[in-house]
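Copied over from TrEMBL:
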- 1-253: region 'Disordered' (REGION)
- 13-24: compositional bias 'Polar residues' (COMPBIAS)
- 36-52: compositional bias 'Pro residues' (COMPBIAS)
- 53-79: compositional bias 'Polar residues' (COMPBIAS)
- 96-120: compositional bias 'Low complexity' (COMPBIAS)
- 126-147: compositional bias 'Polar residues' (COMPBIAS)
- 155-166: compositional bias 'Low complexity' (COMPBIAS)
- 191-222: compositional bias 'Pro residues' (COMPBIAS)
- 230-239: compositional bias 'Polar residues' (COMPBIAS)
- 426-462: domain 'Zinc finger Sec23/Sec24-type' (DOMAIN)
- 499-737: domain 'Sec23/Sec24 trunk' (DOMAIN)
- 742-826: domain 'Sec23/Sec24 beta-sandwich' (DOMAIN)
- 837-937: domain 'Sec23/Sec24 helical' (DOMAIN)
- 963-1036: domain 'Gelsolin-like' (DOMAIN)
Amino acid sequence: MAQPGAPTGPQRPYTNGPVQNQLMHSPDGQGYNPAVPGPYPHQAPAKVPPHQSPGQYNYSGSQNVSQLNNYQGPGQTLNRPPVPAFSGSPVPQTGPAPQVLLPPALQNSAALSSAGSFPPGASPPVLSNWQYSQPPVSQPLGAQTSHLAHGPGPGSAQPPSSLSGSTNPPGSYQYAASPGGPQLQNSYMKPAPPPVTQPLTPLHPPRPPLGPPPVGGPPRPPTAVAGPPNAQSLLNSAANREGDAASAASDGSVVQNSYDAIEGGGLMATPHHSPAAPNLKMNRSVGYSYPALPPGYQHPSPPGAPGMHGAALQYPDGSKHFHQPALGTNHLTASMGGLSLQQEGLRPVNLLQERNILPTTLLKAPVPNLQEDIQKLNCNPELFRCTLTNIPQTQALLNKAKLPLGLLLHPFKDLSQLPVVTSSIIVRCRSCRTYINPFVSFLDQRRWKCNLCYRVNDVPEEFLYNPVTRVYGEPHKRPEVQNATIEFMAPSEYMLRPPQPPVYLFVFDVSHNAIETGYLNTVCQTLLDNLDLLPGNTRTKIGFITFDSTIHFYSLQEGLSQPQMLIVSDIEDVFIPMPENLLVNLNENKELIQDLLKTLPQMFTKSLETQSALGPALQAAFKLMSPTGGRITVFQTQLPTVGMGALKPREEPNQRATAKDIHLTPSTDFYKKLALDCSGQQVAVDLFLLSGQYSDLASLGCISRYSAGSVYYYQSYHHKHNPVQVEKLQKELKRYLTRKIGFEAVMRIRCTKGLSIHTFHGNFFVRSTDLLSLPNVNPDAGYAVQMSVEESLTDMQVVSFQSALLYTSSKGERRIRVHTMCLPVVTTLSDVYLGADVQAITGLLANMAVDRSVSATLSDARDALVNAVIDSLSAYRSSVLSIQQPGLTAPHSLRLFPLYILALLKQKAFQTGTNTRLDERIFTMCQVKNQPLVYLMLMTHPSLYRVDTLTDEGALNINDRTIPQPPLLQLSVEKLSRDGAYLMDAGSVMFLWVGKNCGQGFISQVLGVPNYGSIPQNMTHLPELETAESIRTRAFVSWLREQRPFFPILYIIKDESPLKSSFLQNMIEDRTESALSYYEFLLHIQQQVNK
């Protein structure tokens, strides 16, 4: 059996595919969407992350080619050196592999069969410790891990031998079914609705300037002005230190901070040339396509499986034989059902004539056109989604389609069912380090072929035993090969140091302005209520810092009768007084902590100190947290005014509309540099901004963006003047404090050989080419990546993508969460359009537009969005439509594309006009970059329902509650009637508009007032009435709220309400002061397409 530690040969540099459509290519490559790392490189070649010159910022982790001055968060784009052709094991790239077909009785690997016996002569591994247990509910269920195996030195790509997982000795294996019982695969039979974001930049040369749209319309699409497609993204020098920087452990010892060494096999991984590898027939048929198995290994398929052939094979040792379909053309659906879907997806839709194209239910992700046996094992689209469910065979075909290729991920999402595997062995490809998954193929009982690089690997002896069925000789039935989403309990080889305790540090602004808002009462009380629910164990530590123009520490030493305040007034050279008593064990010092939280709000009520030393306070917090890592939660209410990181006001209200002068870039690199230092020490910073004035979120947001933190913004927070914000803060802070958390995480995305990843979006820092550093990972963060087709996918029926998230749970367990997705490869333009996922495309374009706004201008980003629609519909019209038709024609799959892009143009991140505050615009951009697709789409294109006529027809029944399911309406005042009441769900806010002639029954039985005139101006809650109408309406609103991690305030408005303008602003299809109506927008698109 090949040794995992064997050298993998020269490293294969990671190439950045050509950047498509430069118009949307943001030079600061930091996309703000969360992104998963690309394939796990064996080692970053020279392990020297590119340097970023000072002053360049990418908003979120997407580090792109040009300067990093992007507002956007970590969408980090990296161009890699060209990849030489190589033989042997290909680069880690995810691609589908042949699927094992199981008899129906064995499909659910979670079913425990009675004690299994071993065939005579078989030598089973030591299995005395097999346990099938339910993990505690408290343990994070949705952690995803990414492993990075890094070679010992810059030139070698050899993962540590202990990592390979193929040769570990058998040990105790535990398969823990997460609460919910059935395996995850069952929930993947039907794709979930969450949409995926797509890359903003079409993959083709910029188009020539277009004619101006009608007056008031979107800006004229300009020619692309992006820098050279292959410009090298420069990372900050701090980033450079990060890759190989040694981090000090709590005991003072120095630990190498190289996660690449742990995970192995990334974009740079090179084929491992094994001298003695008789199994490794790297001929064309095995290495590059999925041929039928050799005659000796063909097995009959179970009844009903089309196209499976071959005779049963009996193994000499008496092991059970297994059925394995060949991964060939049978992969693609040949049934009439599939064909009818295809015809529907390609049906031309005349957008100017068909006005009612919005579906009445939420749009679901398209289902990839794969054989049913394969598709039912595919990853849930809520977790992993591609902008194109039919992957073009070549970059030329992708360029011709003028659609972006990318992935949208929600890797750490809370899951009700998650198979958790505890085993001494984690089986991975020896070449590209891909985790074994449902899409690999078993050539026989002892060999499996990687679905990303096609290397043939040995099946370790221990893997032949299935702990679930207790049968020996059926490796294809193990949970790892039956579930596209799975979590491994990682052995010690996946740790750089022993798991640290969960450490939470809270940093409070206590200046006069802060105390005046009253936020401290709410926050301290919410913390008191949830102290026992903080994720962690008996080792959990907690600490507090407050600041105004000085910094205040709180000693919580055991034995003190009350907390002791220590004031440091030297903010130019911050030091930590008594470091040993400032972060204390939560359980052992709970009474002192509770005393402090009760007294803090009163301690500063008389303070007249108006200055804010946020920078020095963050420096102090960083020093305190460096030994262990953990989470810093900072509450800020104004612009920082003294010490390092002090800022000056930049917003001029009268110039909000001038796209050229709005300040979307940071005014200082202090917060970015500090965030990179934090990331290097495994510290993430979450920012709660509660402010009525301009606070320069563009600069402050960098502290969270690059440290993998989150940003929360409460505009004009005040406990008396704006009381609805108090409930929002309470609800969201409770979710924040109690949701699961992963520490010291890294993530990598791998894909099948021939595909390459070039830009990441989200909150993180790209540590080494494609390894995302996530000091904290939370279940509410989303990521996106842009991809290109680097080498033709000839001979490939399918390709695969795999994301791996390696993290430490709050209980101190090292875990790896892996998601694998398989998609078909197509050769015609019509098939590419057929598989377009319009929501994912919109989401990816939104991420790219945020980068573009920061690197260029807001108007450039708007033009690029409009061009994306024009280019794709022009290509469809000229290359797919056989008969040219009048009007504006789109394929059925893209019928909502112009509507969604218009919605983006009207969203706060990209709209023009003077009614959007700068911090509000920046915060919306933060959300675009950091939210999973399903929430991003709700913010972009709200849902509108009529609620005065709710019935139980078609209702859902959840936990004994009946949830009405009214149809979705188009976002136009045409759809409103003064006789009705309408609920608009815009994601972070909801509006209930009541018409003047609304029925008396609804007003009295749902709103609890006698008549329309009695509805209060500032009503934000539905009264709890015992009427059927009230129960239905409240159940529906509650159900909508429960499906997201943030709390939308419900505003009940009438015609004369001041909030009516906000409600109408979300009517995407109607004209506004600065934007076209949907019909006018379609006419503009038609004019450009027909040129």
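Just so it is clear, glycine is given a Cβ too, placed from its N, Cα and C backbone atoms.
Where the annotation comes from TrEMBL, it is an automatic prediction and has not been curated.
Regional average pLDDT for the domain 'Sec23/Sec24 trunk' (499-737) in the model is 93.
Count of Cβ pairs under 8 Å against the domain 'Sec23/Sec24 beta-sandwich' (742-826): among 426-462, 837-937, 963-1036, the largest is for 426-462. The residues of the domain 'Gelsolin-like' (963-1036), classed with DSSP into helix (H, G, I), strand (E, B) and coil, number 21 helix, 13 strand, 40 coil. Secondary structure of the domain 'Sec23/Sec24 beta-sandwich' (742-826), assigned with DSSP and counted as helix (H, G, I), strand (E, B) and coil, comes to 0 helix, 60 strand, 25 coil. Taken through DSSP, the domain 'Zinc finger Sec23/Sec24-type' (426-462) splits into 2 helix, 12 strand, 23 coil.
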